[in-house]
Amino acid sequence: MELITNVTEYEKLAKEKLPKMVYDYYASGAEDQWTLKENREAFSRILFRPRILIDVSHIDMTTNILGFNVSMPIMIAPSAMQKMAHPEGELATARAAASAGTIMTLSSWSTSSVEEVNSVGPGIRFFQLYVYKDRNIVRQLVKRAEMAGFKAIALTVDTPRLGRREADIKNRFTLPPHLVLKNFEALDLGTMDKTNDSGLASYVAGQVDRTLSWKDVKWLQTITSLPILVKGVVTAEDTRLAIEYGAAGIIVSNHGARQLDYVPATISCLEEVVREAKGRLPVFLDGGVRRGTDVFKALALGASGVFIGRPVLFSLAVDGEAGVRKVLQMLRDELELTMALSGCTSLREITRAHVITDGDRIGRSRL
């Protein structure tokens, strides 16, 4: 295999290796896929203002996330059904995250259960939660995640209905017959029916609670002592409400551009959320990160860390656990180099003054 030199190269290799239905499920966005492209392109419009003649012989990328020490501010986002990519699926991802000293977030719709993921050994893990219509299922799931040693709940709040993912409709996407949604297997909710469009869309319509509201964030706090991250916030207004309703953190996310098309890139929403948060809770970025330079830009705009999704899936498909390890190492190495070339020796030295955005350029042109 040709030497892989960056994260993006895994996608092409994964496309060659995966069945079309699976690749399209992982890779595609909603409707026109404008936001899917913009999640990447918006990073390219943010430029650096590097500082020079600073001793960068020692660079510290360690940080603390919700009280947990991690090796770097790069974490793994929840991605569903990872055994479609590789037979070891989420178990391989969990091992790779632990070996890199960072956090993995397990999807509710994983093809390995919370107990199975816990069994791979020590590691800091968060659990992503979809709220089902049957709240007893939610109670059971949260309790199981707690018992399995998960350290936080990432509550997905942007999916009252599934976005229109036309590739999945064309492919009549469904979970391959040899796999199940392991966390729901014992509840007879682990499989998807074949339909004339997307089997996942039909599953969501049947199971996920469209009445989910801010009061349910409070309700979750009555059934678990785990900190709750609200995943899917992109505005100042919802940042205020997340704080008011007791969220422990915010993940700025547009669900990998798979829900509402024509929302801005997450990196374009980040600063609005950070300004409203005013340091009262950590803000994380999810979406479009493919380079260490992207991580640096997010940190400069106020993020406490980033989550990566598709790079994990594509590297998992290509080379299993070793692929995921390599993606995490490449992003780490690139971030370290970006810090050195920008004159930053620790994460706290990365400031807003290190980047120029479109807004900055417009402001300066008016002066």
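Placed from the backbone N, Cα and C atoms, the Cβ positions cover glycine too.
On the 0 to 100 pLDDT scale, the model's mean across the domain 'FMN hydroxy acid dehydrogenase' (1-360) is 94. Positions annotated as domain 'FMN hydroxy acid dehydrogenase' by TrEMBL: 1-360.
Within its own chain, HIS255 (glyoxylate binding site) has THR156, ASP158, THR159, GLY163, GLY232 as residues 6 or more apart in sequence whose C-beta sits under 8 angstroms from its own. Annotated glyoxylate binding site per TrEMBL: TYR25, ARG165, HIS255, in sequence order.
Taking a C-beta cut-off of under 8 angstroms and a sequence separation of 6 or more, PRO78 (FMN binding site) has the following same-chain neighbours: THR105, LEU106, SER107, SER108, PHE126, GLN128, ALA154, THR156, GLY309. Sequence annotations record features per position, and here TrEMBL assigns FMN binding site to 78-80, SER107, GLN128, TYR130, THR156, LYS231, SER253, ARG258, 286-290, 309-310.
What TrEMBL records for HIS255 is active site, proton acceptor.
The separation of TYR25 (glyoxylate binding site) from ARG258 (FMN binding site), Cα to Cα, is 10 Å.
Taking the mean position of the Cβ atoms of TYR25, ARG165, HIS255 as the glyoxylate site, the remaining residues of that chain whose Cβ falls within 8 Å of it are SER28, GLY29, ALA30, LEU162, GLY163, ASP168, LEU200, GLY256, ARG258. Over all protein chains present, the Cβ of ARG165 (glyoxylate binding site) has 24 other Cβ atoms lying within 10 Å. Separation of the C-alpha atoms of TYR25 (glyoxylate binding site) and GLY288 (FMN binding site): 16 Å, rounded to the nearest whole number.
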